[in-house]
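> Pasting a structure below so you can have a look.
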Amino acid sequence: MKFSVLKLDVGKREVEAQEIEREDIFGVVDYGIMRHNELRTYEVDPYDPRNIVIFGIGPFAGSVLPGSHRLVFFFRSPLYGGLFPSTMGGAGYQFKNVGVDFVEIHGKAEKPTVIILKNDGEKLSVDFYEIELEKLLDVWKEYKGEEGVYALTQYLLDNLASVFEGMEFRIAVVGPAALNTNMGAIFSQALRNGKRAVGSEDWAARGGPGSVLLRAHNVVAIAFGGKKRKREFPGEDISDVKVAKRVVEGIHKKAQRDVINESTVKYRYNPKLNTGGTFGGNYPAEGDLVPVLNWQMPYIPKEERIKIHELIMKYYWEPFNKESIQPKNWTTCGEPCPVVCKKHRKGHHVEYEPYEANGPLSGSIYLYASDISVHAVDAMGFDAIEFGGTAAWVLELVHKGLLKPAEVGISDVPEFTKDDLITKPVEASEKNAKLVAELAHSIAFGKTEVARIIGMGKRKASKILDEKFKDRLSYGESFKDYGVYTPLGDDGEINPTMYWAIGNFIPLPIQGRYWTFYQFGVFLEPEELAQKIVSSALWEFWYDNVGWCRFHRGWMKKVLKALFMEAYGVSIDMEEHAKKQIRKLIDYLKKAGYEPVFWDSMRVIDLVAKGSEEFGNENWAKKFKEDKIGTAKEYLKRVLDAYSQLIGTEWTL
C-alpha cells in the first residue's frame, strides 16, 4: 500500500516528505517495524536519538466509521526493551488534516522543542518552537493555577492558538515524568472552540513514549492540525456514510447502528448494571478478585476480600454512578463516536485502569481520595498504570520499613493493611492517596536520590536498592519480591494491566497491553492459555496497526478484511500477516538482547500459584502446593513452548 511520510530531524531542523509504497505495509506498526530494523535501533540505548519515534494514523482515518482515528506512537521502550505501540484516542481526527500518514522524529533538539505541523489547505508547514528548560520547569510547576501536562497544554494554547486560526488542531504534550523517569506518557486533550474539552482527555502512555520523546529527542510537545480535508480512498469511498454502512451491514447482516450499539454496550451504558464505561463495568464484574494493596490478594482470605470489594462498591463505584452515569456526563475522545466512553465527574475523566492502579491497588478505596492521587499522577505525565503499580510497591516497602518516607519524598508511613481498609476505609484511603500524590511529584521531579532510582521502574530500581539497602533485607530477600511486573531479559519490565489474569504475567513480545489473554478468574492448561493469547494478540496487532479503538473490536474485527478490499483493493491474510509481524518483533528483541525469563518476583509467583487454587484448577493447585517454584517454571515453559509453536518461532525459557 501507499503511504505519505514526513521525516523530521529536530537537531538539524531538516524536513523531508516522502511517498512509500510497499506490499507488506498496511499501517503504522508495519511501517515502524520496518524503519526500526533499517536503522538498527536495537544496537543503541532507548534514549539514543537514533531511537526514532514514529507516529501517525491508520488507513481508515478519514472514514466515517467510529473508532478509526487513534493516533499511534511506535518506538523502542526504555521499560520493556523492545519495540512498542502506544495509542491515543481521537487525536487522529485532527491529525488527518495535516495531510500525511506517518511522521518520523530523528535527532535531538538543543533545547526543549515543540513541533508544529500545520496544513492550511494549500501546503504543509513544519515549525519548531523552543522553550528554555527553566521556563518549561516553571510551567510544569504552575501556570494559571494548573500543573504538569495541564499547565503545559494551556501555556501552549495561549502561545500557539493563533497559528491555527480557523483550523481544527490538537496539542500532545509530556510532563516532568518524561524528563526524570522511564514511565513518561504523552497527553492530549480534545479542543472545542479553542478551549480544552472537559473529560475528553487521552493518552499514549504504555511503554514510556513520553520519556523517549523528551529524553531521546528533546521534544516536549507536538501541535498539529489544519483545514478540513477529505481523504481519498483509491477504491470505495468510505468517507461516505452510505458506502461505509453498506460494507458493515453486508458483513453483519443487520443495521449498522444496532451492530455498533450492541457490541459496545459495556463502554457506553449497560442497562443490566445501570452503569457504563470501564470503571462502571469492571468493579461489579471482578468482585473479590479486584487487585488491592499492591496485589496482596493471595494473602487475604476470600471473606475479607469480599468485605473490601463491598466497600469499593459503596465508596468507589456508587459515587461514580451518581456523579457520572446518572447525569450522563459522557463525552468522546475527540472523534465523532456514538459510544461516548469518556465518563467524567467534577472535572475528572474516570477510567478503570488509572483509578484502579492509583486507587485500590495503592490503598485508596474512597473515590474522592483517589481523585487527588489520580489527578496528581496524570498531571505529572505518568503512564498511570505503570506509576500506580510502582506507587503501590513503594507504599508497601515504606509500610514494611524497607524504605523510609523521607527517602522517597513522602510525609508519612501509609496505612497499608487489609484491616486498615476494612475498619477505616475513608481515613486510610485519604492518607494513602495523599502519599501517592506526594510520591508522584517526588518521582516526576526527581526530588530525592531514591525517587530518581524508583523512576527507572521496579525491576531496574530493585537491583540498585538490593545493594544500597542490603542490611534491611533478610537472607535471600529482594526488593523485587514485592514488585509486580512482567519481566523480559536482564532488565526489561512492564506493569501488567489491572486484572488478576495469568495471561498478564507471561513474558510476551508486547505486554502490559491487551496482546494477551487477560480474562481474570480463570486458570487454563498452559497450551490452552497460549492458544488464547495468540488468538487475542493477532487481532490486537491489527487494531494498533490501523489505529482503531479496541472498544469497537466487537463489530470491527469481522469488517476489517472487507474494508481493506473495498477501500484499497487489497486482499490480506489477516492472521498470517500478524504472525509474521510478531515474529519480527521477537527477532528485534533478540537482537536487542531480550528473551523470556522466569519470574524473579515472589509476589508474581504467588499470584500465579494462588490463582490456580482460587480459580478452581485443582490439578495445578495441588502441584503448586507440592513444589511452588518448580511448578511455576513448568507452567511458564509450557505456555511459551506452545506460544512459540503457534507463532512459528522460538520464544521460550
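Every residue gets a Cβ built from N, Cα and C, even glycine.
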> Of the residues G89, G225, G359, G401, only one is listed by Swiss-Prot in the tungstopterin site with R70, R196, A197, G199, R206, D378, D383, D544. Which is it?
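Answer, per Swiss-Prot (tungstopterin site with R70, R196, A197, G199, R206, D378, D383, D544), from G89, G225, G359, G401: G89.
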> I need the CA-to-CA distance for C337 ([4Fe-4S] cluster binding site) versus R196 (tungstopterin binding site), whole Å please.
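Answer for this pair: 18 Å between alpha carbons.
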> Within 8 Å of the Cβ centroid of the [4Fe-4S] cluster site residues C333, C337, C549, which other residues of the same chain have their Cβ?
P66, G67, H69, R70, G89, G90, T332, G334, E335, V339, C341, F551, H552
> Can you tell me the CA-to-CA distance separating C549 ([4Fe-4S] cluster binding site) and G199 (tungstopterin binding site), as a whole number of Å?
17
> Can you give me the same-chain residues 6 or more apart in sequence from D544 (tungstopterin binding site) with a CB-CB distance under 8 Å?
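Listed in sequence order, they are G27, V28, V29, V72, P85, T87.
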> May I ask for the distance between D378 (tungstopterin binding site) and C333 ([4Fe-4S] cluster binding site), taken between their Cα atoms and rounded to an integer number of Å?
16
> Give me the non-local Cβ neighbours of R70 (tungstopterin binding site): same chain, 6+ apart in sequence, Cβ-Cβ under 8 Å, ordered along the sequence.
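When sequence neighbours closer than 6 are ignored, R70 (tungstopterin binding site) has I57, G58, T87, M88, G89, G90, A91, G92, G547, W548, C549 within Cβ distance under 8 Å.
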